Each structure stands twice: as C-alpha cells, then as structure tokens.
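What Swiss-Prot records for this protein:
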- Gly108, Ala109, Phe141, Asp226, Glu227, Val228, Gln229, Thr284: pyridoxal 5'-phosphate binding site (BINDING)
- Arg144, Thr283: N(2)-acetyl-L-ornithine binding site (BINDING)
- Lys255: N6-(pyridoxal phosphate)lysine (MOD_RES)
Amino acid sequence: MSVEQAPVQRADFDQVMVPNYSPAAFIPVRGEGSRVWDQSGRELIDFAGGIAVNALGHCHPALVKALTEQANTLWHVSNVFTNEPALRLAHKLVDATFADRAFFCNSGAESNEAAFKLARRVAHDRFGPQKHEIIATVNSFHGRTLFTVSVGGQPKYSDGFGPKITGISHVPYNDLEALKAQISDKTCAVVIEPIQGESGVVPADKAYLEGARKLCDEHNALLIFDEVQTGVGRTGSLYAYQHYGVIPDILTSAKSLGGGFPIGAMLTTTELAKHLAVGTHGTTYGGNPLGCAVACAVLDVVNTPETLAGIKAKHERFKTRLEQIGQQYNLFSQVRGVGLLLGCVLTEAWKGKAKDVLNAAEKEGVMVLQAGPDVVRFAPSLVVEDADIDEGLDRFERAVATLTKG
C-alpha cells in the first residue's frame, strides 16, 4: 500500500529542522550519473559529489543493484552476529591495503573516533596511562563528535561546548620541524590528512609524511591517516597513502566508500587490532548488510586499473580548464589538489568570496563546493563523463564571466 506524501518546500526546513545547516534554495529530487534535477525539473551538473561522497555519481546501476538485492535479503542483525557482506567487504579492504583488520561504523567521524580510541588504548596497554597525547595539525578536520572536534584544529567547530578532550596539541600542516619539536615519548599518535580537504584542499608534501612516519617510529607513536575524503580512488590511487608511498598504522575511510550510503571503516594491523577486545568499542549499526553490500560494489568498480587511470586523466582535464578560467578572469591564483579533489584558490581581489562563486555557479546549473572562504572545491564523481566535465565547466565559466563583470 502506497501512502501519498505531503508536498514540502525549502521553507519547511526553516520551520521543522534544527538550524545547524543553511541549505541551498533548491531541493534536489532526482539524480542520474553526474546530473541532478530539482523540484522544478531544472537540471544541474554535479561537481560537488555530496562533498566527495558520490564516488560513482547518482544511482549508478551497480550500486542500485547491490542495494536492491540486499534490501530484499537482510537489513540488520546487530553485532551480536556477523553478516556476509561485512566479511566480503573486510576481505576486499585488507586485500587492497596494508591492513589486516577492519572495523565498520557509519561515518567518517565515527571512523576517526575509533582510530583515536585505538591509539590511546594501544599506548595505555603497552606503556601506561602517561602516554596518551595526540598531535594533530592546525586547520584539520576529523568530524563533529567531541573527541574529533577536539582533535580537529579549528576552534570555530570546537569552542562553546564546554571542556574539550585534553592531551591534544596542534602543529602547522606540512611543517616537519614543528612536529619534531612537539612529539615526545608521551605521544601516542600523530594524526594527518594526506590532503587537508575542508581547509582548502592542501596536499601534504611527501617529505613531510615520510618524516612523520620516522618520528612516530622513533617515539613509539602510531601514525594515523584520516582518509575520509581522500580514500577510495579520490586521488587516483585507492588510498592516498599509496600515492605517497608512506604506510600508516591506522587508516580511516568513509565518504566514497559507500558511494552515498552511510558507512565508515577503520583499517589497521592485527597487532594493533587485538587491543580492541570484546566490549572495548562498538556501534549498533556498524557493518550492517546494506552499507557493506553497497561498499563492496563501489570497490568493485573503483579499484580497477581502468577507473584509477581514468581519475588521473580527468584530473588533467579539470585542472587545465580551471587554470584557463582562473587566468582569463583573474579569479584563481592556483589550482591544486590530487586526482578528483581540486581546490581553486581565489585571487586577492576575490578573497572571502567562495560562496559568491558557488551561488553564481548554481544559477548557471552547476554544483560546486567551497573549502573555506577562499577556495572553490571540486569533488565530482570518479567516473564523470568527459562530456559532462566539458559542459559543466562551460556553465562554470559562464557563471564566472557574469560574476566578474559585476
């Protein structure tokens, strides 16, 4: 029996939702590939990807098939039992990475929460309670739980909620000397995003990551890579650590892993995983059959030589055109990033106006993101068609031309 749904509009958000978001004026109602349609039937090209989540675009046939088949089979059993999709997904991830063990949850924040708890637990078990300090970077972003905002180096997200988690310090990103000065035998973990996504799409220097690995080894600290945004093909490698050739002790993954379905994962070694014994950590929904079935399908499509090579080629297509647009209209001083995570840094004349660029782009029918007030971010589908790239950037250029005319 179908139930007729009451019509809703954007204005309803302001009446019934907690106001912690400020969504766009239009409501997307349908998506296919890299295209989205709103309530009025207007079509937009999606270069935002649900903030680097929709790895295969909208309603990819392989994901629809995986979700539909699993939805007709088994939804949820809790972690009192395991399930087949979770075990298949764990095998796929450990076979493709440095890791031996996987922990599944529902989001990037939960993945990082698990990683930070594991790091402290390992240090506690091996060295005692005095070894509990975590070093993160300024302007990092690791999630919105109290622990993850405390580790994240952005006061705008962590201030105003009472005492933060203690034992956490922050050093400038890509500054190995600052890390060297801060790390000590009390450090249990160093947490790094291989590319700082929310803070401007800033890639790490290879020497910085190599140096961090060496310092962690010298001080018996664990190296955690937060790959929530960079993982699952986003950089043209399955995970960014493979792009850099630096192996962490713990890796976190989410966003693209589910291709739009909520799932997170923490990956680590057998030796470290044993410290999370029965009862030390958990999540009711983590590793549910639906999410794991979809994630298996995502990996089957993304983790192929053809798809990963295509991401690198599409990077060049985006970057070349964005640099041309930036130069022609004096809008971007730099286009940076790896794979299909690109950040366009606004010139001095346009500093602080990333949201204006987003709004102008939306009016021309293209969805993009910002990464702070000074950077326009692109995180499209990893399998976006070249024709969609070209048409989307044509629309984006029209938006820029209109905006810069004033």
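Positions of Cβ are set from backbone N, Cα and C atoms, glycine also.
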Query raised in the report: If you draw a 10 Å sphere around the Cβ of Glu227 (pyridoxal 5'-phosphate binding site), how many other Cβ atoms fall inside it, taking every protein chain shown into account?
Result: 31
Query raised in the report: If H, G and I count as helix, E and B as strand, and all else as coil, what does DSSP give for Asp226 (pyridoxal 5'-phosphate binding site)?
Result: strand
**Report entry** Largest CA-to-CA spread of pyridoxal 5'-phosphate binders Gly108, Ala109, Phe141, Asp226, Glu227, Val228, Gln229, Thr284, angstrom
**Finding:** 25
Report task. Looking only at C-alpha atoms, tell me how far Gln229 (pyridoxal 5'-phosphate binding site) is from Lys255 (N6-(pyridoxal phosphate)lysine), rounded to the nearest Å. Result -> 6
Requested in this report: In whole Å, note down how far the CA of Thr283 (N(2)-acetyl-L-ornithine binding site) lies from the CA of Val228 (pyridoxal 5'-phosphate binding site).
Outcome: 18
